[in-house]
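A.B. asks: The structure is given below, and queries will be raised subsequently.
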Amino acid sequence: MSDRIFGIACLLLAGFYLVSASTIELGFIETPVGPRAFPYIIGAVLAISALYPIFVPDAPPEWPDMRGLVEIAFAAAVMFAYAWLLPTGGFVLCTAVAAAVLSWRLGTTPLAAATAGVAISVGIYVVFHLVLGLSLARGPWGF
Amino acid sequence: MDALSSLAAGFEVAFTFQNLFLALLGCFLGTIIGALPGLGPSNGVAILIPLAFTLGLPATPALILLTSVYYGAMYGGRISSILLNIPGDEPALMTTLDGFPMARKGQAGEALALSGIASFVGAFFATWGLVFLAPVLVGVALLFGPAEYFALYALAFATLGGIASRNQAKAAIAAMIGLGISTIGVDAMAGVARFTYNEVHLYSGIDFLVAIVGLFAISEVFLFLEHRGEGGASTSGTKLSRVTAPVSMLKESAGAMGRSTVLGFIAGVLPGAGASLGSFISYTVEKRISDKKGTFGKGDPRGVAAPEAGNNAAAGGALVPMLALGVPGSGTTAVLLAMLLALNITPGPLLFQKNPDVVWGLIAALFIGNIMLLLMNIPMVSLFVRVLLIPPRFLMPAVAMISFVGIYGISGSTFDLMVMVGFGVMGYVLRKLDVPLVPIILGILLGGEMEKSLRRAVQISDGDWSVLLSSPLTIGLWAFAIIGFVAPLIIGRYLRPKIADEPQAEGADPD
């Protein structure tokens, strides 16, 4: 079933891609191969290959149970939030929180996770910013 | 003996304090990356690229650092294979078959020493192969026009899909997704925007480093979250005695090392077949030749030497098409290609003419790094064993955060970070569905050049598409591509590691 859904998703993607390709402006110069040709080929091959998993699906993968899915969605949300808040909160604070949360979800006790988060954050800050001179996100306090 | 004098010049480039230090650092980091299960050569190198890039390292030092990591990871993978029965990375899978039984017999030290020496032999002779074969291939590549290049790129995708994956259709889908991503942004030839949907961030296209780090490193974090609590690592069961191999054992395994080096190197040079295939073929062939008493799989030293020599030789071999043609044959060489492209260096025949110092400096550094690795991996192996005991629940958050630092360092854009997380989720889903990730990376990397050569070829012939099949070279390349894609369907069951067909391969890192 998973493979069939994947195939159909790819087929839809190919259709969307091909329609988008047909709206590409052609520019002023007439050339034998314009900017649309290569995307047309890609879209066509994608559509044809997508048929295979629909008709001949592999054995379904072992998807994680509900709890696992929630864990993964939560981790992805933490990472998105991290990316979003980085310029506001500054590197050290955001990284400490994000690393601590991830470590906690991977099975560390809350106190140890908090310590690990701070250690990871400060460690990266010292090595990459102070020693190697990489520019990291500056928050309201300059770090 | 042109190659030798170029190599001598290369040693002058490599013998600076900075380059030697970077080679040492790369070897050290590489061994750790290889040894840690879940961190393999391709995502290790992927995380380090943005860092090397933002630190402003010039091309030669940056390449020396990263290829040392690549070689180092090939050495490091064996440590956890032997001690824990968990391959540190995919190429080290075959080493578990005889390495772990040896460790259980109390021969862990011998197995580590022997595999270290086998790794050295494989990598050393493969680097010599690189010295002599790459210039020959460059000579051939100079005859290539745009139509030939288009066929060559198609060949790379076809063999990658045919040999290295379990399902051809899924490999083709992956390649097309990658190529499709590469078309996003302003088209350089016609100057029009494609697939940007009026989003300013998309005009410059999707940065391939963002895609690589997301697909490889971030998706790994999700896989760990799913499998958390399963199979804790511990080395308590095995005692590490002195790490030396008796001379008799070396003598016994010498033939295995020699044969495996040759086989591994050939497997590495073939586009699409990386170090995993090298170690697999080496082990299988060696088993057929030497296993007369049925000792393979029960701790036969030759079963440890063969895959290790094979995968290190394949790692060297895989650099040949990447440097000489600009067409990587495996996951990690694709990532190394990304590094070169990020530095505005296009590999291929022109690289050898325009930047000989880069190529030969790199090759010389590989020789030096290989010796450093041998010294590091035998007397100091217990140090790496200790690193193995860092639990993933601390390691994976650190890996994720370092990935963010690297990508943020390149662009300073939070949009890129979000795209990276998006790629991480996509990578996780695709891995679950058994869709290979390497064709996606290759598509993103090569898409631009592939389209350019297609358009040039047809433009030169004034709109006649038959130009793509007009020369004997193009016909030969297309024929190879079709054979490479179709033949494994027929004989594939014999070519592929059976263990890799089991679901645990989802978490394994491509080489």
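Placement of Cβ uses the backbone N, Cα and C atoms for every residue, glycine included.
TrEMBL entries are annotated by machine, without manual review.
Annotations per TrEMBL:
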type	residues	note
DOMAIN	B:20-442	domain 'DUF112'
TRANSMEM	B:20-39	transmembrane segment
TRANSMEM	B:45-71	transmembrane segment
TRANSMEM	B:111-131	transmembrane segment
TRANSMEM	B:137-160	transmembrane segment
TRANSMEM	B:172-196	transmembrane segment
TRANSMEM	B:202-225	transmembrane segment
TRANSMEM	B:261-283	transmembrane segment
TRANSMEM	B:322-346	transmembrane segment
TRANSMEM	B:358-378	transmembrane segment
TRANSMEM	B:398-421	transmembrane segment
TRANSMEM	B:470-491	transmembrane segment
A.B. asks: Would you mind listing the long-range same-chain contacts of the transmembrane segment (B:111-131), meaning Cβ under 8 Å and 6+ residues beyond its ends?
C.D. replies: 3-4, 7, 71, 74-75, 78-79, 82-83, 95, 99, 102-103, 240, 243-245, 249-250, 253, 256-258, 260-261, 264-265, 268-269, 301, 304-306, 308-317, 319-320, 323, 363, 366-367, 370, 373-374, 377-378, 381
A.B. asks: At a threshold of under 8 Å on Cβ distances, which of B:20-39, B:202-225, B:261-283, B:358-378, B:470-491 pairs most often with the transmembrane segment (B:137-160)?
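C.D. replies: Result: B:470-491.
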A.B. asks: Could you please provide the mean pLDDT value for the domain 'DUF112' (B:20-442)?
C.D. replies: 86
A.B. asks: Do the transmembrane segment (B:45-71) and the transmembrane segment (B:20-39) come close, with at least three CB pairs under 8 A (pairs 6 or more apart in sequence)?
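C.D. replies: Contact criterion met.
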A.B. asks: Name the range, of those listed as B:322-346, B:358-378, B:398-421, that has the largest tally of Cβ pairs under 8 Å with the transmembrane segment (B:202-225).
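C.D. replies: Stretch with the highest Cβ contact count: B:398-421.
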A.B. asks: Looking only at the recorded stretches B:20-39, B:322-346, B:398-421, which one has the largest tally of CB-CB distances under 8 Å to the transmembrane segment (B:358-378)?
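C.D. replies: That would be B:20-39.
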A.B. asks: Counting only residues 6 or more past its boundaries, what in the same chain has a CB within less than 8 Å of a CB in the transmembrane segment (B:20-39)?
C.D. replies: 14, 48, 57, 61, 64-80, 84, 86-89, 92, 220, 223-224, 233, 365, 368-369, 372-373, 376-377, 384, 387-388, 390, 392, 395-396, 399, 507, 509
